[in-house]
Amino acid sequence: MSDYKSTLNLPKTGFPMRANLANREPNMLKNWYSNDLYGKIRAAKKGKKTFILHDGPPYANGDIHIGHSVNKILKDIIIKSKTLSDFDAPYIPGWDCHGLPIELKVEQKVGKPGKKISAAEFRKKCREYAARQVDGQRKDFKRLGVLGEWDKPYLTMDFGTEANIVRALAQVIKNDHLHKGSKPVHWCTECGSALAEAEVEYEDKLSPAIDVAFSAVDNEQVLNCFSAVTDNLGEGNVSAVIWTTTPWTLPANRAIALAQKVEYSLVQAGERRLIIATDLVADCLKRYGNEDFSTLAICKGIDLEKQLFNHPFLDLQVPAILADYVTVDAGTGCVHTAPGHGQDDYAVGLRYDLEVANYVADNGVFRDDTEFFAGLHVFKANDRVLEVLAERNALLCSIKLNHSYPHCWRHKTPIIFRATPQWFIAMDQKSLRADALAEIQAVKWIPSWGQQRIEKMVENRPDWCISRQRTWGVPITLFVHKETDELHPNSVEMMELIARKIEIDGIQAWWDLEPETLLGFEAEEYRKVTDTLDVWFDSGTTHASVVAKREEYTLESGEQAAADMYLEGSDQHRGWFQSSLMTSMAINNKAPYKEVLTHGFVVDGNGKKMSKSLGNVMSPQTVMNNLGADILRLWVASTDYTGEMTVSDEILNRSADSYRRIRNTSRFLLANLNGFDPTTDLVPNEEMVALDRWIVAQTLILQNDVIEAYESYSLHAVYQKLTHFCSIELGSFYLDIIKDRQYTAKADSNAHRSCQTALFHIAEALVRLMAPILSFTADEIWARLPGARDEFVFTTVWYDGLFSLSDNEALSSAAWSKLTLVRAEVNKALEIARKENAIGGGLEAEVILYASDEIATLLTTLEDELRFVLITSQAQVKPLADAPQLALKTEVTGLLVSVVKSAAPKCERCWHHREEVGQNKQHPELCGRCVTNIEGQGEIRKFA
């Protein structure tokens, strides 16, 4: 017997089956950076239409977590897809480098500034700490395969960026959006500083809920506001009853708020006459243990407006006022109002010119001049407040209530509202809020619900307190008059001079600046502001300090490109998306972005938030070290980012399985392109075998669908389409069918080269389509593809060598779709025969297809090549009417199938069973087509 193995076109490639990504990827990274891949991308795309995805800066503290990885991978996928769409899409990563968390870390090492270390030295230590954190995070981000300006990122602590933040503040002031006021802000007594909205978390807290009687200054005057419902108006002091869960704020009470249209009742309760909202009377009196009451009179809230009541323990008279926020859902319908400790209280207090009282120091302790409560921390003062109220017979009820309460996101401790002198961006000054709401309409929000979410937040947010009392932050570089508290009239011009100094020496330049340097003889009249900016102002103004300044964003016209997209987690509607919007509106009166894409949070396999305490944290470093970055990237792409993103070892292993299918498909393509040179061996479209033309056309459909999915940021659709194509169109159909032709046809024949041409087209398209997601693997494939090409796939564009089926094709796309169904039914019949031991494999079988006229016409079009599609040694088509009773029914209407074992001898080269085996004396073991493929011109294939 002869050995014909050497006559076969066996697959051969250096592309390994085992990916070994964890070991291979770091070497590929070295190659990318030693060959300046990112620089080559920029050079290749210079002058093209720009796409700017502006990076929201992560905080420079700690290792990156899985959420960071999701965010950076999503950005990288989108940018790489835009690059392949021939956009110039630079990516400048950034870091948020100022603020309290860094201060706290440095304090642990060197102590608080002003004690063991000077403020200047403390800032230097903070800068050094942040730089080390940036280096650590940058290393991990690069390991993810994310390409960008890693050697020149933007840092909010860069001297130039700090200077530009000051310039941004100057523009806000110039456009009249800044004001100073004593206003209640979220205040953390642990931080000793105001908190931004985004720095507040809500957790359950147990608080005293108390009902307090405020006696009327003039009983008769108050009674005259009511309409009697009985002949008797009762007896005893008249009191309005308030309900509060913050007893410690009662020293700052300056009013009782009522609802204008709500009905209030005057009720006799023992020796008192109490004013309570009618709908709440029964619940309140039950709470007081006095259910034997009678209603004496009623009135509306508006009837009691400006009536005076006595503060329960201070020598004060407080008015009844009207407020829209008063409801009768709980409490008494009479709301304790302390303008110094609540935003609603403050707002209504402005209308009634109420005092904004605050007796609480920065550390949460009542000041020494506070009557009754001096030296007590506010939360410890609650019990003392109850004692004072009880002594004055003003406490009607006290219970413990578990309720949602604001906490500091860093310390996880309860915070307070506290009026302090602060700097604010005024939401309703110069129509900032209204203009922002209008501009939101012009932005594309992905998912669409993001629009409504940010609209509600902008509608309801208070003025933005942008000042902080910290050491490590961009200073508010202002001088205010010592007597009038007014800004210096030349503030904007002076801020530019200060910014120039900061560009050279950093923010320390402000602290070192002697006022006389700028103010001259006026220095004695002005006070230098010592506050720093909220870090959300730092990051929120990067549209002005980075996008509007970096040369990478400069167009050939000399103009600066605006950001096309901001992409962050869903918490940033209240954070960076909003701070960026408000500062951009205040500076430029337009949104800083055209599109905003939001992704969900990462949860574990049980849908639980990841936390160290639960032991369910998934480290991206561990995933990369075990499975490789491409598996992590594939998981991100496969997950619908618009909701919570679930990850677990099991889920990542499923991603690894999907990856293996893609890799094996790619390996098959490369192995069967062995010996193929596209410059000499590429077969013209019209000369290709019909099946090959069809798969190229299917690849074009895939490419169009995938590009459309990339453009709509439907990355999980990209994943689904790619994996389906590799598994179904290729793996289960096309690649299965062509193995015979690929391996056995004459090497330089049209039948073989047509097949290789199709594989080449598929590989050229697939490698590009997968590149944004499977960046390392795509680069590995790219390096092994035949033909001249760019050094890296990322400098190219989508493949343009694909084509559609022509209108005069003998087998249309619909015909091939029908054939896939027929083949699936034949496979079922073959499997039954195998299980019954009637045949060993498909090539031992001869099939008879009993078909309706319509299906028969399709099948006979393939002539003798139908057997190659079905991967059997023989295939006959007969009329449906001739079908024997034992023919197998199928799910294809008008088709029955019979399978018999072939009696013909087996060809030792192609393994087909053919009658002509043994007829050639030189090659008695071979069938006729194998003889032709070895010694003749090679077999001719038209269809398959």
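Cβ from N, Cα, C; glycine included.
Marked as L-isoleucyl-5'-AMP binding site by Swiss-Prot: E568. Packing around E568 (L-isoleucyl-5'-AMP binding site) is summarised by its Cβ count: 21 other Cβ atoms lie within 10 angstroms of its Cβ, all protein chains included.
As annotated by Swiss-Prot, ATP binding site applies to K612, with the evidence given as sequence analysis. Neighbour count (other Cβ atoms within 10 Å of the Cβ, all protein chains): 7 for K612 (ATP binding site). DSSP assigns K612 (ATP binding site) to coil in the three-state reduction, placing it in neither a helix nor a strand.
According to Swiss-Prot, the Zn(2+) binding site annotation covers C907, C910, C927, C930, on the basis of sequence analysis. For C927 (Zn(2+) binding site), applying a Cβ distance below 8 Å and a minimum sequence separation of six or more within one chain yields C907, R909, C910, H912, R914, E916, V917.
If you look up Swiss-Prot, you'll see 58-68 marked as motif ''HIGH' region'. Using a Cβ-Cβ cut-off under 8 Å and counting only residues 6 or more beyond its ends in the same chain, the motif ''HIGH' region' (58-68) has close neighbours at 95-97, 99, 101-102, 105, 130, 133-134, 136-137, 140-141, 155, 569, 601-602, 610, 617-621, 647.
Residues annotated as motif ''KMSKS' region' in Swiss-Prot: 609-613. Looking at the motif ''KMSKS' region' (609-613) alone, the prediction's average pLDDT is 78.
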Sort the residues of the motif ''HIGH' region' (58-68) into helix, strand and coil with DSSP and give the three counts.
3 helix, 1 strand, 7 coil
Cβ-centroid neighbours of Zn(2+) site C907, C910, C927, C930, 8 Å, sequence order:
T744, E908, R909, W911, H912, R914, V917, L926, G928, R929, V931
Using DSSP with the three-state reduction, classify E568 (L-isoleucyl-5'-AMP binding site) as helix, strand or coil.
strand
Measuring Cα to Cα, how many angstrom lie between K612 (ATP binding site) and C930 (Zn(2+) binding site)?
65
Quick check for the class: what is the C-alpha distance, in angstrom and rounded, between C930 (Zn(2+) binding site) and E568 (L-isoleucyl-5'-AMP binding site)?
60
